[in-house]
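Among the features that Swiss-Prot reports, domain 'Obg' is placed at 2-160, with the record citing sequence analysis. As annotated by Swiss-Prot, domain 'OBG-type G' applies to 161-338, with the evidence given as sequence analysis. Residues or ranges marked as GTP binding site in Swiss-Prot (evidence: sequence analysis): 167-174, 192-196, 214-217, 284-287, 319-321. Taken from Swiss-Prot, the feature Mg(2+) binding site applies to SER174, THR194. Marked as domain 'OCT' by Swiss-Prot on the basis of sequence analysis: 359-437.
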Amino acid sequence: MSMFLDTAKISVQAGRGGDGMVAFRREKYVPNGGPWGGDGGKGGSVIFRVDEGLRTLMDFRYNRKFKAKSGEKGMTKGMHGRGAEDLIVFVPQGTTVRDAETGKVITDLVEHGQEVVIAKGGRGGRGNIRFATPRNPAPEIAENGEPGEERQLELELKILADVGLVGFPSVGKSTLLSVVSSAKPKIGAYHFTTIVPNLGMVRTKSGDSFAMADLPGLIEGASQGIGLGTQFLRHIERTRVILHVIDMSASEGRDPYEDYVSINNELETYNLRLMERPQIIVANKMDMPEAQENLKAFKKKLAAQYDEFDDLPMIFPISSLAHQGLENLLEATAELLAKTDEFLLYDEADLVDEEAYYGFAETEKDFEITRDDDATWVLSGEKLERLFVMTNMERDESIMKFARQLRGMGVDEALRERGAKDGDPVRIGKFEFEFVD
């Protein structure tokens, strides 16, 4: 089984905030001794951190649930509960994080040490010392801790490489990478010897350096899933320059120009933006018989597809095995990289709106009202539900406070407008109570 994994589905859950405490101190002439209950500690957040030492998402094959710890409860003497530590989850460079429900991109992690809060820990509930007022100097009110965020995520790794080698199987991509870098890809005289991407650092004689990726061979229909399909096409997306390697000896019995057209069609079908990347045509195996004649025919067919004044793609005849023509190829690649900016990987439409994602959207509705088949009024909404779960329903004062909050939000008035009558059942989550008009 391959130890390379570039996709994963996981769930993350931040820690719940600790509950606030109801407590009183003993003090003469102070009702109930005065409030003394402290706040709960914050729940731990789930944070993704980039580790450049990781190369795959293999760690997520069997470990798919990540849960941060909850904060401690508030204590007497007004002391706060201890906040929980954040849970750090390490991911490789080039990891894209998507919301599994919407498919939107939450973040794209590309820099070593980069950190992003993926699920925010809940805040601690306030203790009764926070609710003391001149009218109520000894409140029996404390909040429950806020639940931590919970999310279903899709992770996708797209390796970071400046240059990507593409081409049919057995055209010499792995050999080229092994010759120009210290990478040691598997090389064999059969198709799909390379079944995972290989990455190597290339340094030219003039001192320029860049990362080069050897990607598994493509065949016609790859964008529809034939062969290794689109499994590794995603890794081309981060490259700025594509080296299109072609077996100019036609040792497999295919026409080199037809190979060139087929691979470009697959790239275009998979992602139209891949064709925006500049290409250098690498005419490999030029030390083989008939390679020179095939190259002449290739150039003629290629020129026929361009207007007289168009710039044709650069073509570099090489032999990876014989180490011929490599210096010129690498220097030209470095020069092309120097004048090629990074390509936008995601449009704004692909990205999660941060304000909406973290619950700060101005358009967020406080509540919604629906009616079940059993005639029960059902209240829902992120803000309302957050207030509800933080209310200690075991204490009368907390319940009365929650009722005042509902009135302040306009829930009572909205229920009346919808036709609610005195005594009608109303439900929030699993909690049910009667409407009082």
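Placed from the backbone N, Cα and C atoms, the Cβ positions cover glycine too.
Features per Swiss-Prot, on structure.
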residue : record              : Cβ within 10 Å
GLY167  : GTP binding site    : 25
SER170  : GTP binding site    : 20
LYS173  : GTP binding site    : 30
SER174  : Mg(2+) binding site : 25
VAL196  : GTP binding site    : 21
PRO216  : GTP binding site    : 24
LYS285  : GTP binding site    : 25
SER319  : GTP binding site    : 22
Quiz item: What are the DSSP helix, strand and coil residue counts for the domain 'OCT' (359-437)?
Solution: 30 helix, 17 strand, 32 coil
Practice problem: Restricting attention to the domain 'OCT' (359-437), give the mean pLDDT. | Solution: 89
